[in-house]
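What follows is one structure encoded as structure tokens, with my remarks underneath.
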Amino acid sequence: MTQETFTATTRVKRGLADMLKGGVIMDVVTPEQARIAEDAGASAVMALERVPADIRAQGGVARMSDPDLIEGIVNAVSIPVMAKARIGHFVEAQILESLGVDFIDESEVLSPADYVNHIDKWNFDVPFVCGATNLGEALRRITEGAAMIRSKGEAGTGDVSEAVKHLRTIRGEINRLRSMDEDQLYVAAKEIQAPYDLVREVAATGKLPVTLFVAGGVATPADAALVMQMGAEGVFVGSGIFKSGNPAARAAAIVKATTMYDDPAAIAEVSRGLGEAMVGINVADVPAPHRLAERGW
């Protein structure tokens with residue numbers, strides 16, 4: 001790959017992710033749910049066999065979804081479709097690319113296939129989404145070719161606190177870099193185990209070079225507005241919609257709250273009459289070995 005081709009491919013992949021800014025990406029497990037999400041205004045859907053709450057509850061090894069399920073969802077909607085591959089499982093990613101998905105999420109929600117290496121995302125034409133809990137992790141995924149970063153949160157809990165923590169961590173570390181001189185940036189790059197050129201770029205621009213969404217525990221319109229006000233560029237919602245009492249209404253309300261995140265009166269209005277939110281789990285009650293956000297390095 002020539003430098004010109006590399007630059008153009010990177011620009012295209014990141015541009016596709018940029019088109020989703022300000023939107024909501026929803027987990028769906030059937031074509032019918034995908035159509036509900038599209039009708040509610042979702043900017044994209046994530047096709048998978050089990051939402052994170054069910055993966056957490058049922059345990060076992062969580063793998064890439066059945067190709068028939070993914071193709072059924074791709075054929076059901078006109079908005080972009082994402083699908084998950086296990087960390088390090090480049091063959092699952094190859095399969096997903098062959099199925100024509102629009103984005104691949106190398107996801108800690110599934111059981112890792114490789115505890116040393118993430119997928120080399122430069123080997124694919126399809127853009128990748130990856131999770132991160134801090135700036136170093138985000139920059140390592142970008143170095144591997146990720147076109148979008150999502151702060152991980154703790155998927156399948158309905159507890160937004162970890163999403164808030166990870167977003168604050170990433171943004172706080174970016175702000176810290178901005179106050180450093182060049183010598184300090186070299187040290188910071190070593191500390192966070194990220195390439196110096198990327199660290200310097202982040203320090204100069206005050207943001208990641210790719211789109212930053214938030215995931216993990218967003219369950220209400222207020223949750224979505226919270227992370228948007230904190231600087232997220234969009235929201236992933238997993239179990240919070242289709243594990244709630246009125247999925248269609250909640251999906252539409254979260255989309256509206258994500259768009260009107262700085263209008264409390266509008267958020268209050270869309271929060272009315274949504275029925276019961278998902279019951280969820282307090283992250284503090286989840287033992288460390290069972291926390292999905294700990295997967296990845």
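Cβ atoms here come from the backbone N, Cα and C positions, even for glycine.
A quick note: this is a predicted structure, and the numbers were derived from the prediction, not measured.
According to Swiss-Prot, the protein has these features:
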| type | residues | note |
| --- | --- | --- |
| ACT_SITE | Lys84 | active site, schiff-base intermediate with D-ribose 5-phosphate |
| BINDING | Asp27, Gly156, Gly217, Gly238, Ser239 | D-ribose 5-phosphate binding site |
| BINDING | Arg168 | D-glyceraldehyde 3-phosphate binding site |
Minimum Cα separation from Lys84 (active site, schiff-base intermediate with D-ribose 5-phosphate), reported as the residue among binding-site residues Arg168, Gly238, Ser239 that achieves it: Gly238
Three-class DSSP secondary structure - Arg168 (D-glyceraldehyde 3-phosphate binding site): helix
Residue pair Gly238 (D-ribose 5-phosphate binding site), the residue listed as 'D-glyceraldehyde 3-phosphate binding site' - Cα distance, angstrom, rounded: 21
Neighbour tally for Asp27 (D-ribose 5-phosphate binding site), based on other Cβ positions within 10 Å of its Cβ: 29
Distance, Arg168 (D-glyceraldehyde 3-phosphate binding site) to Ser239 (D-ribose 5-phosphate binding site) (CA atoms, angstrom): 23
Cβ neighbour count (within 10 Å, all chains shown) around Gly238 (D-ribose 5-phosphate binding site): 29
Recorded positions compared (Lys84, Arg168) - the one with the fewest other Cβ atoms within 10 Å: Arg168
Between the residue listed as 'D-glyceraldehyde 3-phosphate binding site' and Gly217 (D-ribose 5-phosphate binding site): CA-CA distance (Å): 15
